[in-house]
Amino acid sequence: ALARRSREPPAPPARRPPGPARPGAKRLPQAIVVGVKKGGTRAVLEFIRVHPDVRALGTEPHFFDRNYDRGLEWYRSLMPRTLDSQITVEKTPSYFVTKEAPRRIFNMSRDTKLIVVVRNPVTRAISDYTQTLSKKPDIPTFEGLSFRNRSLGLVDTSWNAIRIGMYAVHLESWLQYFPLSQIHFVSGEKLITDPAGEMGKVQDFLGIKRVITDKHFYFNKTKGFPCLKKLESSSLPRCLGKSKGRTHVQIDPEVIEQLRDFYRPYNIKFYETVGQDFRWE
């Protein structure tokens with residue numbers, strides 16, 4: 001015991017280097033944009049982070065699908081610092097189709113608010129294919145990947161680009177853990193035609209003041225979608241990156257018709273479940 005007592009006193013805590021203290025703390029996100037890929041999630045994130053009460057992680061952390069074994073503290077360490085009055089947001093669109101994600105997010109916090117950006121599943125699939133094609137030019141045709149047997153109209157639901165658009169199926173996993181009132185659905189189509197209206201609803205859902213309005217947007221005709229206007233605080237108007245607004249691959253109209261028929265029952269079930277008609281028919 002004596003030896004223990006004569007130990008040196010603990011070293012004083014390391015002094016913070018001089019300079020402005022960084023305000024706020026890193027917090028686990030209170031809201032997550034969980035889906036869907038090629039739906040408009042990047043636009044929602046870029047638009048919402050204009051809000052002074054929102055701080056968002058710019059990259060996709062893929063915590064609840066690929067990095068879960070790294071633990072919540074690792075996840076928290078990625079987050080931006082926030083004040084008590086601010087909400088932390090992250091987005092990883094693959095969460096929506098990840099079987100374990102709803103349970104894992106629920107285990108982090110049952111109060112997490114979830115945002116799902118959806119768009120017509122047929123155009124979403126074509127957009128998804130277009131993105132893959134730009135990276136791997138030698139992949140099979142869209143038609144070839146979409147069908148197990150085209151003459152029989154058998155769609156290949158194992159192909160991710162098709163599977164993601166079966167929104168009603170994926171939603172069931174989320175509703176086992178979260179009430180609909182905690183999930184907000186953004187129309188990817190309206191995000192383009194009426195960004196202020198869609199973002200108004202997102203702000204209401206997050207319980208923050210409607211700060212982002214019409215005056216924040218202008219329509220970029222070459223890209224074919226809205227961009228954020230230059231506001232006093234920022235130096236440049238913000239448009240989404242070069243990879244956004246790619247010209248889609250031309251697809252045989254008959255193939256589109258077959259896929260529309262395939263998705264129709266899923267769409268109807270989705271509309272009925274969420275109580276919102278997205279008019280994809």
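In case you wondered, yes, glycine gets a Cβ from its N, Cα and C as well.
Those TrEMBL annotations? Automatic predictions, nothing curated.
As the structure is a computational prediction, the values presented were derived from the model and not from experiment.
These come from TrEMBL:
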type	residues	note
REGION	1-28	region 'Disordered'
DOMAIN	29-264	domain 'Sulfotransferase'
BINDING	Lys38, Gly39, Gly40, Thr41, Arg42, Arg119, Ser127, Lys244, Gly245, Arg246, Thr247, His248	3'-phosphoadenylyl sulfate binding site
ACT_SITE	Lys38	active site, for sulfotransferase activity
DISULFID	Cys227-Cys239	disulfide bond
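Arg42 (3'-phosphoadenylyl sulfate binding site) sits 12 Å from Cys227 (disulfide bond), taking the C-alpha atoms as the reference points. Comparing CA positions across the binding-site residues Lys38, Gly40, Ser127, Thr247, the one lying closest to Cys227 (disulfide bond) turns out to be Gly40.
When the binding-site residues Lys38, Gly40, Thr247 are compared by Cα distance to Cys239 (disulfide bond), the shortest distance belongs to Gly40.
Looking only at other Cβ atoms within 10 Å, the busiest spot among the binding-site residues Ser127, Thr247 turns out to be Ser127. On the 0 to 100 pLDDT scale, the domain 'Sulfotransferase' (29-264) averages 94 in this prediction.
In the structure as shown, the Cβ atom of Lys38 (3'-phosphoadenylyl sulfate binding site) sits within 10 Å of 23 other Cβ atoms.
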